[in-house]
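**Student:** So TrEMBL lists these for the protein:
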TRANSMEM  12-38  transmembrane segment
TRANSMEM  50-75  transmembrane segment
TRANSMEM  87-112  transmembrane segment
TRANSMEM  124-145  transmembrane segment
TRANSMEM  152-173  transmembrane segment
TRANSMEM  179-201  transmembrane segment
TRANSMEM  221-243  transmembrane segment
TRANSMEM  263-281  transmembrane segment
TRANSMEM  293-313  transmembrane segment
TRANSMEM  333-355  transmembrane segment
TRANSMEM  362-381  transmembrane segment
TRANSMEM  387-408  transmembrane segment
Amino acid sequence: MVLIREKIIANPLFSGSVLMLLGTNVYHAGQFLFHIIAGRVLGKAQYGDLAALMNILGIFALIQISLGLTVVKFIASERDEQKVSGLVKWALNWSTVFGLIIAIFILISASFVSDFLNLSQSQATYYLAFVIFFYSLASITRSILQGMLKFGWYVVGVLSEVGVKLILVMVFFTAGYAVAGGMMAVSIAVALSFLVGLFPLRRYFLNKKALSPNSNSLFKYSIPAFLQGIALTSMYSTDLFLVKHYFSPETAGLYAGLTKLGSIVFFAAFPVINVMFPLIAKRHSHGESYHSIFYLSLLLTGCIAGIIVLFYLVTPKIFLSVLGNGFLEGSSILWWFGLFMGLLAFAMLFIQFYLSIGKTFVAGFFLAAALLQIVLIVLFHNNLLQVVQMSIFSVALLVICLLVYFPYHAAVNKKCTKNLSL
């Protein structure tokens, strides 16, 4: 028992993962409740408007989180507080510029976006600009906290966002603001979350002795991190867009529901990956052993994904009934969607492991797999099962490639360590 406690329970990966798992699951539950409230109050048409705007935010969020990996990597690798302060200032400044550019672009194209999406309240698009600006700042503060291993403050930030969002959305809906009210609630909640995340960082961005970081190294690393974000966004969402193109609205709706449940596998395992990345980046930069953290991450990810997929295989109707009786026809293939997302979680685990130790070229593997998924679905889409099997084949091939490279990486790492010791 003592050995188990020392090796697993006391491990920072385990404790950090448990904290992140609990916090992010409460966050996602709150997000789900937000959509339930919006769907019931607004009705199908206006809820569709709100969901479309939130999807735009979701795509931006995935890319922003991927860019945040650069911040996590460099902050986790740095020991000097003056250099950390410089990185914090650099990250906040560039995130402000990036968020401002995207927000201005949204404001300029608001009329086009509103017309293209057939929104019932065109002014809601303007609130999207504010949401994206503040989300850019909130997301980068979370990346900074993640790099510093301040997972407690990370969780406080996301929970404050979802809590305020749930309260305000009911207030604004009651006042009759509909879709615009939903976006107002999100913008205020995200802005507050940014301020919460900024509080524990105040001594860093107020530090007058901060040392400016090497911008060239940061930008060089951010390119593969960005490409990884593009690939993840593609693999996570392209299949749904193609299904909407090739199949009837009813069939596409069934696929969307199955994908939503399948994504639970991915997001349930993602906190482990979030905790693993800065821990390994820190140990690698300091010349310390880090493979044990990766192996434990593999074990935790496998357990989480395996348990959920098993439930989807044995009792699929219980989960599908939450969406409605119309989705029960997909009970025989639900576990395939869980398997796809489970493999995607493993792929992300390997990708972020390699990125955390500077092996940035692996982002190319991810892009190749994303392109393969698109080609295969375009060529083979007789039914929904075949579509998800094409996605599984693509991501399974990616995982195999990443696995094949692992022994080579381990051998090179061992050789480098031996040379350093000499």
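Just so it is clear, glycine is given a Cβ too, placed from its N, Cα and C backbone atoms.
Predicted, not measured: the structure shown is a model, and the values here were computed from it.
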**Student:** Take the C-beta pairs under 8 A between the transmembrane segment (152-173) and each of 124-145, 179-201, 333-355. Which stretch has the highest count?
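**Tutor:** Comparing 124-145, 179-201, 333-355: 179-201 has the most Cβ pairs near the transmembrane segment (152-173).
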**Student:** Examine the transmembrane segment (124-145) against the transmembrane segment (387-408) and state whether at least 3 Cβ pairs sit under 8 A, considering only residue pairs 6 or more apart.
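**Tutor:** Answer no, regions not in contact.
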**Student:** Using a Cβ cut-off under 8 Å, which residues of the same chain at least 6 positions beyond either end of the transmembrane segment (387-408) come close to it?
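**Tutor:** Those are 235, 239, 242-243, 255, 258, 333, 336-337, 339-340, 343-344, 346-347, 350-351, 354, 362, 365-366, 368-370, 372-373, 376-377, 380-381, in sequence order.
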**Student:** State the non-local partners of the transmembrane segment (263-281) in its own chain: residues 6+ outside its ends, Cβ under 8 Å from one of its Cβ atoms.
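**Tutor:** Answer is 12-13, 16-17, 20-21, 23-25, 28, 69, 72-73, 75-77, 146-149, 151, 236, 290, 293-294, 297, 300-301, 304-305, 308-309, 338, 341-342, 344-345, 348-349, 352-353, 355-357.
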**Student:** If you count every Cβ pair below 8 Å, which range out of 293-313, 333-355, 362-381 shares the most with the transmembrane segment (50-75)?
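**Tutor:** Against the transmembrane segment (50-75), the leading stretch is 333-355.
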**Student:** Six or more residues out from either end of the transmembrane segment (333-355), which same-chain residues have a Cβ under 8 Å from its Cβ atoms?
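**Tutor:** For the transmembrane segment (333-355), the far contacts come to 69, 73, 224-225, 228, 232, 235-236, 258-259, 261-266, 269-270, 272-273, 276-277, 280, 294, 297-298, 301-302, 305-306, 308-309, 312-313, 316, 319-320, 362-363, 365-366, 369, 384-385, 388-389, 391-392, 395-396, 398-399, 402-403, 405-406, 409.
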**Student:** For the transmembrane segment (362-381), give me same-chain residues lying six or more residues beyond its boundaries with a C-beta closer than 8 angstroms to one of its C-beta atoms, as numbers and ranges.
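**Tutor:** The answer is 224-225, 227-228, 230-232, 234-235, 238-239, 242-243, 246-247, 347, 350-351, 354-355, 387, 390-391, 393-395, 397-398, 401-402, 405.
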